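Here is what Swiss-Prot records for this protein:
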type	residues	note
BINDING	9-16, 56-60, 118-121	GTP 1 binding site
BINDING	202-209, 249-253, 314-317	GTP 2 binding site
COMPBIAS	166-181	compositional bias 'Acidic residues'
COMPBIAS	182-191	compositional bias 'Basic and acidic residues'
COMPBIAS	470-490	compositional bias 'Basic residues'
DOMAIN	196-369	domain 'EngA-type G 2'
REGION	164-191	region 'Disordered'
REGION	452-490	region 'Disordered'
Amino acid sequence: MVPVIALVGRPNVGKSTLFNRLTRTRDAIVGDLSGLTRDRQYGEAKWQGRTYILIDTGGISGDEHGMDEKMAEQSLLAIEEADVVLFLVDAKAGFTAADQMIGEHLRKRNKTSYVIANKVDNIDPDMARAEFAPLGMGDAIPIAGAHGRGITQMLEIALSEFPKDDADEPEEGEEEIVAEGEEAKRIPGPSEKDGIKIAIIGRPNVGKSTLVNRMLGEDRVIVYDQPGTTRDSIYIPFERNDEKYTLIDTAGVRKRGKIHEEVEKFSVVKTLQAIKDANVVIFVMDAREGVVDHDLNLLGFALEAGRALVIALNKWDGMQPSERDYVKTELQRRLFFVDFADIHFISALHGTGVGNLYQSVQNSFKSAVTRWPTSRLTQILEDAVGEHAPPMVNNRRIKLRYAHLGGANPPLIVIHGNQVEKVPKSYVRYLENTYRRVLKLVGTPIRIEFKGGENPYEGNKNTLTDRQVNKKRRLMSHHKKADKKRRDKR
């Protein structure tokens, strides 16, 4: 399971600055889910082969009534979700009563916590450690979050208990948290035991629980239910038509066969982890509410992760034709960025259209993991360039030479050529659409990566042999004599 780190502390101690620095290699997945997470911000970061989820919380002022109320509700939830808590204090402001109360609460929670003394610019680190020793939480780790100093030591300590990602290596530039770009995550195909992993995600009360129970209907073959911790999703292996699947349910534990929908506790951490572990994501929306901003934020999670996607509009039954037409228009207008995904109009309660989801899951997964030979991908590239050549840059044509497969789920196509760093975004979209059309990809995003061709002889002088030098001398002498004769005739 991906470790979760929460940043807590008083207002203006530098939590957001540290959050932005740590997530710079992969920008914050979502800024604020208003109404769902309020003051919590979630991002994904990576450090020396370890991927982790980072939570930035609102400040805790310490002037509320009673300790449980003094801790802001969202910060409390973040602490409960986290594996590790980084308790930020302001080294310039010094030790405060609010720091004392927050520290006491963390000690009571028996949560792995570290005191981070931020803003130690021009402050003796030993003095900062001594200043916050009364917290009784061990030596404070001094950092300067705005400048990146001390972050290496902080992350080494915070992540020391967690294993590295499978087959991952540290990324270049991580030591100073300044590397840019991102590495698309690759996941293996379905195991013989688990089958295709399907994550059911969506806002609270859109029908996720009902859909899960409908998909695990009378013809199900449940192998086992494996509940996790309070923040873990439920993994439910089952079979349908001799095909194996594993449902990743973020809605929580429920009684077998319970169909009615209850108010669900929404957890961004559950959603992020479910998406990360899934092969295919079924995104559930409430057709009667249409497309809302929270839907777009959650779809951004799946798109960022590159997972195969199927969209299910639930509660379609009972809607008037005019209402249905309006919803379809809204889908085309607001979900254009996921136009590759199949959309199903269903009623999880009555089962209408639910069975059709499986075919889309199969098709999406097949598109996401199919492998094509280099010759096939290169031919598609050549045809695309022949039909619509790349633009000129500084009077030189961008040259795209060949393509090969770089990864799966999502498909990553690596294109080699010259001046590839100058390929405009519009042409990248043209290539994406071409590959999607020719390869008949459905339900999966596609990513294109460019690699420039290096000239192995660049900077090298051509060294002539003795024979070439003599030949060059004779030719020069011949040209000089010919020029002299022409001048004499004039």
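For all residues, glycine too, the Cβ spot is worked out from N, Cα and C.
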Residues satisfying Cβ distance under 8 Å from GLY202 (GTP 2 binding site), sequence separation of at least 6: LYS208, PHE283, VAL284, MET285, ASP295, LEU298
GLY9 (GTP 1 binding site): secondary structure state under DSSP, collapsed to three categories: strand
Under 8 Å by Cβ from TRP316 (GTP 2 binding site), same chain, sequence gap 6 or more: ALA287, ARG324, PHE345, ILE346, SER347, THR352, GLY353
Around the Cβ of LYS208 (GTP 2 binding site), the count of other Cβ atoms that are within 10 Å: 25
Structural state of LYS15 (GTP 1 binding site), classified by DSSP into three states: helix
Of the binding-site residues listed as GLY9, ASN12, LYS15, THR57, VAL120, the one whose CA lies nearest the CA of ASN205 (GTP 2 binding site): THR57
VAL120 (GTP 1 binding site): tally of other CB atoms within 10 A of its CB: 23
THR250 (GTP 2 binding site) and THR57 (GTP 1 binding site), Cα-Cα, nearest whole angstrom: 22
Tally of DSSP helical, extended and coil residues in the compositional bias 'Basic residues' (470-490): 20 helix, 0 strand, 1 coil
In three-state DSSP terms, the structure that LYS208 (GTP 2 binding site) belongs to: helix
Neighbour tally for THR250 (GTP 2 binding site), based on other Cβ positions within 10 Å of its Cβ: 25
Local Cβ density at THR57 (GTP 1 binding site) - other Cβ atoms counted within 10 Å: 27
Fewest-neighbour residue among binding-site residues, criterion Cβ within 10 Å, set ASN12, ASN205: ASN12
Local backbone state of GLY202 (GTP 2 binding site), from DSSP in three classes: strand
Pairwise Cα distance for ASN12 (GTP 1 binding site)/THR250 (GTP 2 binding site) [Å, integer]: 33
